[in-house]
Amino acid sequence: MAELLALTSALVFGVVHFLSGLMARHADSYGIATAGQLGGTVLVLAAAPLIPAPHVELAALGWGALSGVGTGVGVAYLYRGLARGRMSTVVPLSDVAAVALPVLAGVALLGDRPSILAWIGIVLALPALWLVSRRDAVGATGSATGTVDGLIAGIGFALQFLAISRVDPAAGLWPILAARVLATATIVPLARAARATLRLPTRLVAPALLVGALGSVAIVLYLSATRQQLLAVATVLAALYPVIPVVLAITVLRERPNRSQLVGLGTAGAAIALLALA
């Protein structure tokens, strides 16, 4: 059940990124991200009072807030890296860092002990993410700067995964609400520093809000998975979401994948199978 929750989280995360990417073709990426966080905040604010929360402690809210800061930093630096560096470096680097750091934290600090099959799946997932996320880099510049931004983005996303996994189940959805609020509060000043407009065409406001609400669903699914499975395994499965936009681009947009992406898709499939069997 935990594996299914984590994979469903990856599916929803992937759909969110795919739809966000489509909207970003017609509007500022920071504006899409900010509207998305607001949409996620509204959904959680509406749902939180309906979910039992017998013990909403400051520590749980703090972990949620820290996760939100990670989300904000990850999104902001990913977009900055894409603007200043190579997509073929920034995206896969942020994806791999977002997986590797929580796995290391789970093993070194939280006492996770994955089985041999799980370890093989984890090891396969890292190159799978790199290969799936790579794009042709014709004409791109600024790879060194993009690498730094990609690493910072990956650290931010790793913090998102790690911090939200520490939330007490008794706190209900209130820590998720704290995460959404802090994510918005983090993205906005970083977007301003990047001189982003944050403005959206009227026709994209509602879709961006709905996609953001879907992102909150993905986070709740991931949180549920971490309560039933090792952090290392749940994070790797959920973090395979970059596979989804690639598959959707192939099937819906009729894009042609490059050889690296095809190898990455196959490797990701093997990683999922091993982690599911572990």
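Our numbering is plain: 1 for the first residue shown, then up by one each step along the chain.
Note: Cβ is positioned from N, Cα and C throughout, glycine not excepted.
No curator has checked TrEMBL annotations; they are predicted automatically.
Given the structure is predicted, the values throughout are model-derived calculations rather than measurements.
Annotated domain 'EamA' per TrEMBL: 2-133, 151-276, in sequence order. TrEMBL lists 6-24, 31-52, 58-78, 90-110, 116-132, 144-165, 171-192, 204-224, 230-253, 260-277 with the feature transmembrane segment.
Where the transmembrane segment (204-224) meets the stretches 6-24, 144-165, 171-192, 230-253, 260-277, the count of C-beta pairs under 8 angstroms peaks at 6-24.
Below 8 A, the CB atoms of the transmembrane segment (6-24) and the transmembrane segment (230-253) form 3+ pairs separated by six or more positions in the chain.
In terms of C-beta pairs under 8 Å, the stretch of 90-110, 116-132, 144-165, 230-253 lying closest in packing to the transmembrane segment (260-277) is 116-132. Sequence-distant neighbours of the transmembrane segment (90-110) (same chain, 6+ residues past either end, Cβ-Cβ under 8 Å): 74, 77-78, 81-82, 122, 125-126, 129-135, 146-147, 149-151, 153-155, 157-158, 160-162, 165, 230-232, 235-236, 239, 242. With DSSP states grouped into helix (H, G, I), strand (E, B) and coil, the domain 'EamA' (2-133) comes out at 112 helix, 0 strand, 20 coil. Counted over residue pairs separated by six or more positions, the transmembrane segment (144-165) shares fewer than 3 Cβ pairs under 8 angstroms with the transmembrane segment (31-52), which leaves the two as not touching. Looking at which of 31-52, 58-78, 230-253 has the most CB pairs under 8 Å to the transmembrane segment (116-132), the answer is the stretch 230-253.
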